[in-house]
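Positions annotated as active site by TrEMBL: D78, D264. Per TrEMBL, disulfide bond is recorded for C91-C101, C294-C325. Taken from TrEMBL, the feature domain 'Peptidase A1' applies to 60-363. For 1-19, the entry in TrEMBL reads signal peptide.
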Amino acid sequence: MKAIVLLLVITLLPLNVCGGVFQVSLTRRNLLKQDSRQIKASRLLSNATEYLDDYYDLQYSGQITVGTPPKNFAIDFDTGSSLLWIPGTDCRTEVPGSSGCYNLTEFHSDQSSTFVNLGENISLRYGKGSCEGVLVEDTVTVGGPDSPITIPKVKFLMINYIDSGLENLKSDGLFGLAMGGENGATSPIMDAINQGLLDQPVFTTYFNHSGGLITFGGIDQDHCSDEIDYVDLNSDIQHYNFRVDKIRVGKEEAVLEDFDAISDSGSSFLLGPQQYISQIAEALGAADDFRIDCDADSDPLIFTIGGKDYELSVKSLTIENGHHCRLALGVHKAGKKHWTLGDSFLRSYCQIHDIGQKRLGFAALKNDD
C-alpha cells in the first residue's frame, strides 16, 4: 500500500482503485522576512512526503520531478486549475532581450529519454497574468525520496512565454488540481488515481500559518475532527463550486444570501463582489483599503453552508506586513457573481474533497495552530 499527500484533485469518473493513502507536509515561507519552517508530516502507512512553502500567504509550493532522469522543480499546487506547467529552455518574458523566465528552473526536454512533444500550442490566462507553451508528455514524480509516486505519460504544458503579470511567481510553475481537464490534459494526480495509486477518490486539506498537510486517498484523522459536514458540489466540474446559504458578521443581518462559492487554494484572499466585500470590511472595522488594527478583535465572519455555521475570526482573516495589517479580502472583477474562499478559509477548517460522491466536507481542526 502506498500513500501520497499534496494538493490533490481527483477524477470525476467512477474508479476502481487499489492503492493507498499519501501525505505531503506543507511549509510556509514569508517572502518579506525570507524565513522558512518545515513541518514533518506524520507517516501513514508508507507515504510520499512533500514539503511546500506558503509564500507570505500567497502560494503553496512543493517539489516534483519531471523527466528521465528526473529534474527537480518547485511548483505551486492549485485547486483552482487543472494543468501542470513548467518553463522550457526557450522560455522568455515580454521584457526585450530577456533571457529565461524570471530565473525559474527550466526543463531541458532534450535530456529526458521519456519526453514526447505533442505539438499543440496552448495559452493560459489567470487572474494576474498569462503564459503560453506547447503540450508535451513525460514522467512526473511526486513526493519525497522515501516513498515517491512516479506517474508515466503525464500531459503538461512546457512554457515558452510568461507575461509580467506572473513575474512575482516564486516557484517554477503550477500544478493544477482542479476537477475535469483543460486542453486534453488532466492533473497528474488524476492520472495517478486512474492508474490505481490511491485507495479512494478523496483528499483532505489541512492548512495552518506554518504550512499544513494534504492527505490523498483518505481523511486526515490526526488534524481533522471526526465530525464532517458535507455539501454537494455544483455541476461546474472544473472547480470545487458549492452553494452558500448566507454570510454575515457576528449577529448582524446577512450581507448576502444564497450564492455560489469556490474553494481555491491558489488564492490567499476571500474574494467577492465589491459592494458586499466593502460591507464586510466596514463591519469588521477595516479602512477602505482593508487596513486594520493588528490587534483588532471584532465579531467573526460567518458563512452558513448546508445549514451549518462556519466562523472565520478576524485573526484568521488578517495578513501582517511588518507593522501593518490588512484583511485578506479582495474584490472580483466586475461581472463575477461567485465568491472565492481562499487560504484564510482553508486554514480555519479541514476540507474533505469527496470526488466519488461529488461533495465537499468541512471538519473542525483538532489543533488550531
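Quick reminder: no glycine exception, Cβ is built from N, Cα and C everywhere.
Keep in mind that TrEMBL annotations are predicted by a computer and have not been checked by a curator.
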Look up D78 (active site) in the DSSP assignment and reduce it to helix, strand or coil.
-> strand
Among the recorded positions listed as D78, D264, C294, C325, the Cα nearest the Cα of C91 (disulfide bond) belongs to D78
CA pair C294 (disulfide bond) / D78 (active site), Å rounded to integer, equals 29
Of the recorded positions listed here (C101, D264, C325), which is spatially closest to D78 (active site) when Cα positions are compared?
-> D264
Whole-Å Cα distance, C325 (disulfide bond) to D264 (active site), is 23
Number of Cβ atoms other than its own within 10 Å, given for D264 (active site) = 24
Fewest other CB within 10 angstroms, which one of the disulfide-bonded residues C91, C101, C294, C325?
-> C294
